[in-house]
Amino acid sequence: MQQSLITKWLSISCIMVIAMIVIGGITRLTGSGLSIVEWRPITGILPPLSFEAWQVEFAKYKAFPEYNYVNYRMTLSQFKFIYLLEFIHRLLGRITALIYIVPLIYFYFKGIIKNRDIAPYIIALLLLYVQGFMGWYMVKSGLLNNPSVSHLRLAFHLIIAVIIYHILFYQLIKNRCDILLILSQTDLKLPLRFSSVAITVIYLQIFLGALVAGLDAGLIYNSFPLMGDNFIPTAIKDNFFDLKNWYDPVFIQCIHRLGGYSVFLVVMALATYLLKIEHPKLNKIAYFLIIALLMQISTGIITLLYSVPIIIASTHQFFAIVLLSVIIWCYFLIKTSK
C-alpha cells in the first residue's frame with residue numbers, strides 16, 4: 001500500500017515535469033517567454049481578471065525591449081495570448097512544486113520514505129528551487145538591451161528540468177521493479193557502458209537542442225542531410241573550435257546535427273546488443289529504443305525541413321524525454337540484474 005502511494009506520487013510528478021518541459025518549449029517557440037516582466041512567486045498565481053488589469057500588464061510589457069524592437073505593433077488581444085502561455089507555464093511550475101513537496105513531507109514524517117532513501121528526493125527538491133530561480137534568471141536576460149533570452153541560460157534551465165525528471169523517474173522504476181532480472185550467464189558490462197554513454201549523449205543533445213531554440217538556429221539551413229552544399233558549412237570550417245561559435249546559429253545547428261548522428265549510432269548499438277541477449281524484457285526495451293529513436297530523428301528532420309512548426313518541434317522535444325526514459329529504464333534493469 002505504501003509503495004503504491006509512492007509510485008502514484010512519483011508517476012504524477014514525472015508527468016508534471018514532462019508537461020513543464022513541453023509547455024516551456026511551446027512558450028519559447030511562440031515567443032511568449034518575456035510577456036510577464038515580473039517575478040512574483042507568491043502573488044502571481046492569478047492572471048489579470050479585468051480589462052484594466054490587462055491594460056496594466058500590457059503597459060509593463062511595453063516598457064521593455066521586446067515590445068519596442070520586435071512586437072511594437074502588437075494588440076492587447078495578441079498580448080493576452082503570449083501572456084497566458086507564459087502564465088500557464090509558471091502556474092504549472094508552482095503546481096508541480098506543490099505536488100512534489102507536500103507528499104514528500106508527509107511520506108517522510110510518516111516513515112514511508114526512510115532516512116536511507118531520502119537523499120535523491122532532497123536533491124530533486126533543491127533542484128526545484130534552483131529551477132525556479134533559473135527560470136527568472138533566464139527571463140531577466142531578455143529584459144535588458146537585447147530582446148531575447150540568453151540561449152545558454154535557456155539550455156541550463158531545460159537541463160535542470162531534465163535532471164529533476166531523471167531523478168524522479170529513476171526512483172519510480174526503482175519502486176515499481178520488485179523482481180530483478182536473472183542474467184548471471186550474460187556479460188552485461190558492455191550494454192551497461194552503452195547505456196551510460198547513451199544517457200550522456202542524449203543530455204548533450206538536449207542541451208544543444210535548447211541552444212538551437214534559443215538562437216533560432218532551426219530557421220536556417222532548412223535542408224537535410226547537407227547544410228547548403230556541404231556537410232559542415234565553409235563559414236565555420238576554418239574556425240570550428242573557436243569559443244565564439246557558441247553564439248553562432250550556424251555552428252550550433254551543425255553540432256546539433258552531429259549530435260543526432262552520435263545518438264543514432266550509440267542507441268542503435270545498444271539496441272542491437274540487447275536483442276542478442278535473448279531476454280524478453282531486454283528485447284522489449286530494445287524495440288522501444290528503436291521506435292523512440294526513429295520518432296526522435298524523424299520529428300527532428302521534419303522540424304528542420306519545415307522551419308520549426310510548433311507542433312512537430314514540441315513532439316521532437318517530447319520524444320527526447322521518451323528516449324531518455326527508455327535508456328534510464330534499460331540502465332536500471334541491467335545495473336540491478338544478477
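Backbone N, Cα and C atoms are what each Cβ position is placed from, and that goes for glycine too.
Under the heading transmembrane segment, Swiss-Prot lists 6-26 (among others), citing sequence analysis as support.
Marked as transmembrane segment by Swiss-Prot: 93-113 (among others).
According to Swiss-Prot, the feature transmembrane segment maps to 118-138 (among others). If one looks beyond the transmembrane segment (118-138) by at least 6 residues along the same chain, the residues whose Cβ comes under 8 Å of a Cβ in the stretch are 33, 39, 41, 90, 93, 96-97, 100-101, 104, 108, 149-150, 153-154, 156-157, 160-161, 163-164, 167-168, 170-171.
Outside the transmembrane segment (154-174) by six or more residues, the chain places 7, 10-11, 13-14, 17-18, 20-21, 24, 28, 100, 120-121, 123-124, 127-128, 130-131, 134-135, 138, 203, 206-208, 210-211, 213-214, 321, 324-325, 328-329, 332 with a CB less than 8 A from a CB of the stretch. Swiss-Prot lists 154-174 (among others) with the feature transmembrane segment.
Here Swiss-Prot flags 201-221 (among others) as transmembrane segment.
In three-state terms derived from DSSP, His256 (heme binding site) belongs to a helical segment. In sequence order, Gln205, Leu208, Gly209, Leu211, Val212, Ala217 make up the list of same-chain residues 6 or more apart from His256 (heme binding site) whose Cβ falls under 8 Å from its Cβ. Under the heading heme binding site, Swiss-Prot lists His256, His316, citing sequence analysis as support.
Only residues 6 or more beyond the boundaries of the transmembrane segment (258-278), in the same chain, are considered here, and those with a CB under 8 A from a CB of the stretch are 183, 186, 190-191, 194-195, 197-198, 201-202, 204-205, 208, 285-287, 289-290, 293, 296-297, 300, 323, 327, 330. Per Swiss-Prot, the feature transmembrane segment maps to 258-278 (among others).
For 285-305 (among others), the entry in Swiss-Prot reads transmembrane segment.
Counting residues 6+ beyond its ends, the transmembrane segment (308-328) has Cβ neighbours under 8 Å at 18, 21-22, 25-26, 29-30, 162, 165-166, 169-170, 173, 195, 198-199, 202-203, 205-206, 209, 213, 218-219, 263, 267, 270, 285, 288-289, 292-293, 295-296, 299-300, 302 in the same chain. Look at Swiss-Prot and you will find 308-328 (among others) tagged as transmembrane segment, backed by sequence analysis.
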Long-range neighbours only, meaning 6 or more apart in sequence with Cβ under 8 Å: which ones does His316 (heme binding site) have?
Gly209, Gln296, Thr299, Gly300, Ile302, Thr303
